[in-house]
Amino acid sequence: MKTTIVGFPRIGENRELKIATEKYFRGDLTQEQLAAEGKRLRRMHWNLLKEAGISLIPSNDFSFYDTTLDTAVLLNVIPNRFSALQLSALDTYFALARGYQGEAGDVTALPMKKWFNTNYHYLTPEFEQQTEVKLVGTKVFDEYLEAKAIGIETRPVILGPYTLIKLSDFKGTTVQEHLPALISAYQEVIAKLSELGAEWLQLDEPSLVKDLTPDERQLFMSIYRELAGGTRETKLLLQTYFGDVRDIYEDLSTLPVDGIGLDFVEGKQTLQLFETFGFPQDKKLFAGVVNGKNIWRNDYSRTLNLLAKLPHDQLVLSTSCSLLHVPFSVAQESFPAEVARHFSFAKEKLSELTELAAIADPTDDIAKSALLADNYRLFDTARVTANEQLTHRLAELTAADFQRLPAFEERSRLQKSALALPLLPTTTIGSFPQTREVKAARAAFKKASLSEAEYHDFLREKIADCVAFQEDIGLDVLVHGEFERNDMVEYFGEHLSGFLFTKKAWVQSYGTRCVKPPIIWGDISRERPITVGWSAFAQHLTEKPVKGMLTGPVTILNWSFPREDISLKESTLQIALAIQEEVLDLEAHGIKIIQIDEAALREKLPLRKSDWYSEYLDWAIPAFRLVHSRVAPETQIHTHMCYSEFADILTAIDQMDADVISFEASRSNLSLLDALSAQHFQTAVGPGVYDIHSPRVPSVAELRATIQALLEKIAADKLWVNPDCGLKTRDEKETFASLKHLAQAAQEARKELVYDNIE
Ligand SMILES: Nc1nc2c(c(=O)[nH]1)N[C@@H](CNc1ccc(C(=O)N[C@@H](CCC(=O)N[C@@H](CCC(=O)N[C@@H](CCC(=O)O)C(=O)O)C(=O)O)C(=O)O)cc1)CN2
Ligand code: MET
Ligand SMILES: [Zn+2]
């Protein structure tokens, strides 16, 4: 039986690609050096797959930033304002990804959005009227040939046309206008690959797992009938993932493609669809049976049961999605053997595939029994014992534990007089730049070359500087800067019991940015205060309110590797109780404003609307409410969300019952704001006035204009002024400049509002 994977992580075993790319950004590496590093990594990864015995190896899953952007650039979907910069191809690419500010001009980056239900982010391609879609790039061909040159036949991967369309913005133009050229461009890719001798091309179409309207189905089918029809040497694999394709399954079997990739892990109905409608005999079934998202070992007996139902001769064993979403290898960690044996990262998943293929092969009995026995042992007894006391506490919760009193309006009045903030209060989202100095100090502390006392002194100094700077430029609600945190989720994981954390288990989140998600191993509890000392220290330095800064339970869950032996709901409520203790502790220590970040609230929102409430929001929103239900009316609760794709769940967001919410609005258009006013959204809002994911510094005039635009949509007494996310990824220089501009712009806007009122 053949084996393959949907894609492999590209960042490198030790984040080599991140390191090289960031060096290039700083001017410490040439284009040639960066290209060479990319080539070295690709080669290493292909060889790794080959040595692991994977029979069909993908290529072009490598990227210097994002594969959606790669496909857009391949097909010349590059807005004019970027081509007009006249930069090199590579720098145009990075300008699209990160914005550009320099001698050649000043352009903001393409909007960045969450990649389906993951913590990966893609760049939103933009079609304009004058976009001339055509095959202009060579990356997909170059990488195919590069692998071939070292004796490895690969299956190039690109994003398919339907998902490309679905994820793109069409500015002043329509899909229809570009469709014929788009289809020809894809055909040209296929023709070129046929010419080069490629056996397969993988077209990723994850958008097929969402709810499809009849029009969308028709669009998809018409594209693929045209694209895949006709003669070609290269076979087409239509690859889906992140769910099942229930709205289009039957139609897919009629398509002239050669293989279909289905997700049997997250696709709740995949098996049922297969059993009800069968599978076309003329196609290969790329069965996603090894979880590409979680890090637990595959349960072979379950997988084998599944495989027994599938057509043996047509099967290619695969992962449920790209391995981009899991870390490189368990071998880099130092867990005790009895813990490590439960985990499977990208590299180990390759062995799972080849082992499963061996076991499923009816001719190989010896291999079968040994491998199976080993695997069974992982699942035959409970991995951890439950915390009885916690189970009891959760069982005792009543409706009152999920309801903050008094209601919003009354709290809002009390808070106004208690906090006495000006109109358009200014604040930041929490973190300040994690400079090399900060990271180096923490690395030294972890290596024990810096003592705890020295590290803490260093952090207190950073906090003091940070508070002084904010006072200096006149911000209204201050933060301590989060210097003590490696990451907003990993940090809490490290300080709560029940979590395991890793040393090198990096996963790409966007571009060069990576995270090390903690692993939820057992029941969660808080043994001692986590953030209280840092927040209280910052507060004693200033008369202005300092926001306490916590990560909410849903986000902690979503950005960790969750357990599979209890429900997500159960784990989240455990975390919620722990964070509630921290909230009350902050309040007891004089913190008047507490921000509970739910940056990832939307992450595990089911991709199909019909499941939104029943499977997710019905427990996720209460989990957040549980965290803050017991604070005093005067304590102001803030929350924050990234990537403001929440116009469609506004009611649920309002039901979180926070007092203020900040969110990203600058990279995406302002349509969310229309929805806010239309919905009588009660929570006060701080739509980000500039994009922190880009190094560019917004001018005062630009910020004034943005605030003005916000005031058209939002009542002045409900509007906060802040950046769109934390500042940890930025350098100090650009951050200080941007924040100065922000404070000044808000002060000017405020004055104008007061004058307007007097007139
Ligand atoms: N979990 C999570 N998901 C998220 C976000 C987030 O903040 N957290 N934000 C949104 C956007 N995604 C993001 C993801 C990562 C980062 C980010 O800043 N990542 C950092 C790493 C942060 C970190 O874990 N830092 C550690 C380790 C730092 C490090 O690399 N240390 C060096 C040593 C450094 C030295 O000696 O100088 C090493 O370990 O080799 C620390 O500070 O302790 C990076 O990739 O550079 C930002 C946003 C959505 N998803
Ligand atoms: C990814 S959301 C970030 C929120 C966090 N408080 C920060 O400022 O970094
Ligand atoms: Zn954010």
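Note that Cβ sites are derived from N, Cα and C of the backbone, with glycine treated the same way.
TrEMBL does not curate its annotations; it predicts them automatically.
Site annotation (TrEMBL): 5-methyltetrahydropteroyltri-L-glutamate is bound by Arg15, Glu16, Leu17, Lys18, Lys114, Asn119, Arg513, Cys514, Trp559, and the candidate from Glu461, Glu471, Glu598, Glu603 recorded at this site is Glu603. When TrEMBL records His640, Cys642, Cys725 as binding Zn(2+) 1, the matching candidate from Glu664, Glu702, Glu748 it lists for that site is Glu664. Of the residues Asp313, Asp585, Asp597, TrEMBL places Asp597 in the same L-methionine site as Ile429, Gly430, Ser431, Glu482.
Taken in sequence order, the recorded positions Arg15, Ser431, His693 that lie near ligand 2, meaning a CB under 6 Å from one of its atoms, are Ser431. Applying an 8 A CB threshold to same-chain residues 6+ apart, the list for Lys114 (5-methyltetrahydropteroyltri-L-glutamate binding site) reads Tyr120, His121, Arg602, Glu603, Tyr643, Glu645.
Spacing of Trp559 (5-methyltetrahydropteroyltri-L-glutamate binding site) relative to Asp597 (L-methionine binding site) is 12 Å (Cα to Cα, whole number). Between the C-alpha atoms of Arg15 (5-methyltetrahydropteroyltri-L-glutamate binding site) and His693 (active site, proton donor), the distance comes to 19 Å.
Checking the binding-site residues Arg15, Leu17, Lys114, Glu482, Arg513, Trp559 against ligand 3, not one has its Cβ under 6 Å from it. Here the C-alpha separation of Cys642 (Zn(2+) 1 binding site) and His693 (active site, proton donor) works out to 11 Å.
By the rule that a residue counts when its Cβ sits under 6 Å from some atom of ligand 1, the recorded positions Lys114, Ile429, Glu664, His693 yield nothing.
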